[in-house]
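Database features, via TrEMBL:
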type     : residues                                : note
ACT_SITE : HIS257                                  : active site, nucleophile
BINDING  : TRP155, GLU165, ASP185, LYS187, 248-259 : substrate binding site
REGION   : 322-374                                 : region 'Disordered'
Amino acid sequence: MSEPVNSTEVKSPSYDLSKFQLKRILTNNSVRKSISLLGTFPDLGTDDAIVVFEKNAYRESDVATASSEESPKKPSYFTADLKVDTEFINNIYGSFQVVPTRNLCSVKSTVIYPATEKHIEKYSVSQKYLIRETPDLYQRITLPYLTSSQFSLEWVYNILEHKQETERIVYEDKDPKTGFILLPDLKWDGRNVETLYLLGIVHKRDIKSLRDLNGSHLDLLRNVRQASKDAISKLYGINPNQLRMYFHYQPSFYHLHVHINPVRNDAPGIWCEKSHMLDTVINNLELMPDYYQRATLPFVLYEGNKLLDLYEQELPIRALTKASDDKELPDTDSLGVAPPEGFSDEEPEDRQCKRIKLGSPETKEAESAVQACA
Ligand code: M7G
């Protein structure tokens with residue numbers, strides 16, 4: 001468990017990002033235009049550091065053009081500063097590499113220093129597996145593991161105790177039972193409302209995750225939902241019905257927090273295997289106050305995570321079951337099952353053809369589909 005923060009003074013390591021020495025690339029995501037690097041800051045010692053670079057999304061002002069002689073008020077691509085390299089022009093098509101004004105070239109950078117093995121694992125590419133966690137598996141395997149091995153919550157307590165990121169707080173309700181702090185997530189560049197990403201961190205310290213939630217927390221959850229919507233609408237002008245509010249399961253940090261971003265933006269980590277909508281959680285608890293103590297909750301584990309090894313001792317997770325690999329789809333005709341609606345007007349050959357396509361996807365295609373979803 002992480003230790004409570006007693007001192008009022010918070011020490012932050014100081015490093016010179018330009019002196020980073022690369023050991024290896026952990027991930028290079030061409031879709032998100034981000035790269036995670038493992039290395040060191042030799043001036044500071046041999047501790048590992050992780051540096052993440054992510055190209056910023058466009059703001060509408062970045063492409064504003066001046067309507068008259070005057071230049072756009074905010075930095076824009078379309079100024080005399082734009083450096084243009086022509087690759088080719090062919091008929092009506094042109095291809096260029098452009099370098100805009102300095103202000104528009106910034107890249108969001110995140111540093112974790114010193115980085116632990118667990119951080120390195122989190123930022124590395126690896127195989128992923130789905131675990132169906134029953135309440136019993138949670139008690140016997142997940143809970144003892146997360147109690148003994150979890151990321152420090154010091155950064156969370158620093159926020160709750162106003163020792164760090166104080167000036168970034170967007171809204172606070174100080175009530176110890178139903179209160180919370182709303183502030184920008186580390187992942188948000190803070191520049192572009194389109195990619196807004198806020199965190200609602202509850203003041204209560206005894207709720208590790210979704211699993212601990214019960215009916216007695218409904219007032220807290222409803223307060224987080226309503227007060228966050230009001231604050232975001234007032235501050236950022238976003239319609240409350242355009243906000244996605246959700247929990248991660250499993251989270252990386254076991255102190256209850258809600259992720260909030262606009263539904264029109266595909267924020268990182270919104271996959272169905274990881275996210276649980278706040279609205280659904282509230283409704284489940286209204287219907288059944290001990291829902292999350294009784295539910296089987298799926299979650300993803302990464303290769304290299306010790307929890308995966310613990311689960312593997314109990315269930316065959318990595319092994320491919322030969323039987324399911326070789327299994328053929330049952331022939332509905334021989335089983336005397338009527339063909340599904342929509343197939344009934346087709347010739348028998350067409351039907352057979354469709355069934356083969358559905359039953360035997362090309363291995364490569366299937367693999368890439370799995371990877372694309374991962
Ligand atoms: P999570 O669901 O526990 O983990 O969310 P994951 O989404 O990383 O898997 C924790 C959230 O806290 C993430 O969205 C992080 O980007 C964010 N976060 C992490 N740290 C260390 C900080 C921090 O120091 N400050 C702020 N503002 N956000 C952080």
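Cβ atoms are placed via backbone N, Cα and C, with glycine included.
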Residue among binding-site residues LEU256, VAL258 with least C-beta crowding, 10 angstrom cut-off: VAL258
Same-chain residues at least 6 apart in sequence whose Cβ lies under 8 Å from GLN250 (substrate binding site): THR142, LEU146, SER209, PHE299, VAL300
Binding-site residues near ligand 1 among GLN250, TYR254, LEU256, VAL258 (Cβ under 6 Å): none
Fewest other Cβ within 10 angstroms of its own Cβ, chosen from the recorded positions HIS248, HIS257: HIS248
DSSP-derived class (H/G/I helix, E/B strand, else coil) of ASP185 (substrate binding site): coil
Residues that sit under 8 angstroms from ASP185 (substrate binding site) by C-beta distance, when 6+ apart in the chain: TYR197, LEU198, LEU199, HIS259
Cα-to-Cα gap, TRP155 (substrate binding site) vs the residue listed as 'active site, nucleophile', nearest whole Å: 13
Three-state secondary structure, which DSSP defines for TRP155 (substrate binding site): helix
